[in-house]
Amino acid sequence: MGVTPIKSVAEYKEKVTDATGPVVVDFHATWCGPCKAIAPALEKLSETHTGIQFYKVDVDELSEVAASNGVSAMPTFHFYKGGERNEEVKGANPAAIQAGVKAILE
């Protein structure tokens with residue numbers, strides 16, 4: 001399935017806040033080393049958990065989305081279920097990301 005980039009505020013609203021199913025959002029930056037390091041693991045998760053929509057938001061391109069979500073460190077992962085944020089993970093922590101995925105599937 002893969003991790004799909006979100007390119008606009010309207011697209012973020014449509015695909016994340018208006019979503020009815022589980023969603024994972026990776027807030028990242030192109031210059032962020034840990035973001036690049038965790039990207040393959042996130043791709044793998046997206047292929048394993050096909051019932052979850054995986055998106056990524058470049059904080060430099062969509063700074064207003066990052067700010068409105070309280071993102072202050074990269075990478076930050078938000079886990080949504082039914083349009084509500086359930087979990088947040090700051091940093092490239094594979095175990096915590098797995099736990100966030102599990103939480104939105106329950």
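Glycine residues also receive a Cβ, built from the backbone N, Cα and C atoms like all the rest.
Summed and averaged per residue, pLDDT over the domain 'Thioredoxin' (2-106) gives 96. What Swiss-Prot lists as domain 'Thioredoxin' is 2-106, and the listing cites sequence analysis.
In three-state terms derived from DSSP, ASP26 (site 'Deprotonates C-terminal active site Cys') belongs to an extended strand segment. Swiss-Prot lists ASP26 with the feature site 'Deprotonates C-terminal active site Cys', giving similarity to another entry as the kind of evidence.
The DSSP secondary structure for CYS32 (active site, nucleophile) is coil. For CYS32 (among others), the entry in Swiss-Prot reads active site, nucleophile.
Shown in sequence order, ASP26, HIS28, ALA29, MET74, PRO75, ALA92 are the residues of the chain, 6+ apart in sequence, with a C-beta less than 8 angstroms from the C-beta of CYS35 (disulfide bond). Feature annotation from Swiss-Prot assigns disulfide bond to CYS32-CYS35.
Summarising the annotation, Swiss-Prot assigns site 'Contributes to redox potential value' to GLY33 (among others).
Residue density at PRO34 (site 'Contributes to redox potential value'): 15 other Cβ atoms are found within 10 A of its Cβ, drawing on all protein chains shown. According to Swiss-Prot, the feature site 'Contributes to redox potential value' maps to PRO34 (among others).
Per Swiss-Prot, the feature active site, nucleophile maps to CYS35 (among others).
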Can you tell me how the residues of the domain 'Thioredoxin' (2-106) break down into helix, strand and coil by DSSP? 43 helix, 28 strand, 34 coil
